[in-house]
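See structure below.
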Amino acid sequence: MAVDIQPACLGLYCGKTLLFKNGSTEIYGECGVCPRGQRTNAQKYCQPCTESPELYDWLYLGFMAMLPLVLHWFFIEWYSGKKSSSALFQHITALFECTVAAIITLLVSDPVGVLYIHSCRVLMLSDWYTMLYNPSPDYVTTVHCTHEAVYPLYTIVFIYYAFCLVLMMLLRPLLVKKIACGLGKSDRFKSIYAALYFFPILTVLQAVGGGLLYYAFPYIILVLSLVTLAVYMSASEIENCYDLLVRKKRLIVLFSHWLLHAYGIISISRVDKLEQDLPLLALVPTPALFYLFTAKFTEPSRILSEGANGH
């Protein structure tokens with residue numbers, strides 16, 4: 001195969017784009033930024049992203065997709081009130097919005113029209129921050145080689161959030177106006193207003209900390225799910241199994257946290273060795289059991305009553 005000889009590329013993410021190919025002859029352009037959907041290989045040539053995402057990549061995308069859904073559910077529950085019958089319908093609508101947004105996002109991503117994506121392999125943390133690695137050969141002129149080396153794991157999250165926001169604005173106000181009769185006019189749309197705040201926050205979080213979240217999200221899931229489960233059980237004054245079983249809502253919350261525990265464990269282990277990693281899922285009920293066994297020593301109900309009395 002004949003390849004034209006040119007000066008070597010400087011910088012970690014600069015590469016040469018294929019301009020012409022005729023049989024065994026390949027002609028590449030000057031060293032610069034790779035087109036979208038490509039990244040440099042070891043020889044500094046821009047190559048298309050044609051691999052399938054690994055399990056860990058899908059788990060990361062699942063985590064980023066869950067964030068707005070969990071926040072939707074939290075604020076719906078927070079503002080609906082205990083006697084409101086609209087909370088369930090709003091929960092279902094939020095799930096529908098996020099599910100449809102995820103499907104549309106996959107359909108419009110490369111390859112278009114199918115529910116899977118092509119991606120480039122994530123090799124190191126710097127792949128998420130290529131803008132920090134633009135070379136300056138003469139310390140004066142900067143060669144701009146910023147591109148999405150982790151295509152499409154970085155931008156696909158923004159696309160998903162955009163579809164979530166559009167679907168929410170199209171569906172949720174009509175639903176809330178129809179069924180949220182138990183709430184005051186000022187309270188009906190507070191969960192929607194909350195989303196208008198947390199979506200920009202999630203967008204900035206992905207833009208600035210996407211690479212850090214990619215490596216840290218399994219531990220974030222485990223820590224937050226453990227903390228929120230302990231807070232919920234203490235706030236609900238659950239001190240034994242009977243208190244847990246007396247209401248269906250408590251069981252739903254418990255099983256939801258168990259799913260999050262399992263998600264975090266699978267993300268950490270990556271299920272590289274199935275026979276060794278699957279037994280780790282037996283640890284999922286451990287935090288809840290530990291809480292129930294030790295609740296009699298801490299007496300959450302007494303602590304809450306003393307806090308309410310100002311002692």
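Each Cβ is built from the backbone N, Cα and C atoms, and glycine gets one as well.
Features as listed in TrEMBL:
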type     : residues : note
TRANSMEM : 58-76    : transmembrane segment
TRANSMEM : 88-108   : transmembrane segment
TRANSMEM : 151-171  : transmembrane segment
TRANSMEM : 192-213  : transmembrane segment
TRANSMEM : 219-238  : transmembrane segment
TRANSMEM : 250-266  : transmembrane segment
TRANSMEM : 278-295  : transmembrane segment
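Here the transmembrane segment (151-171) has Cβ contacts under 8 Å with residues 36-39, 49, 53, 57, 60-61, 64-65, 68, 72, 93-94, 96-98, 100-102, 104-105, 108-110, 117, 119-120, 122, 128, 192, 195, 199, 202-203, 206-207, 210, 214 of the same chain, all six or more residues outside its ends. With a threshold of 8 Å between CB atoms, the same-chain residues lying at least 6 positions outside the transmembrane segment (219-238) that come near it are 63, 213, 244, 250, 253-254, 257, 260-261, 263-265, 267-268, 287-288, 291-292, 295, 300-301, 303-304.
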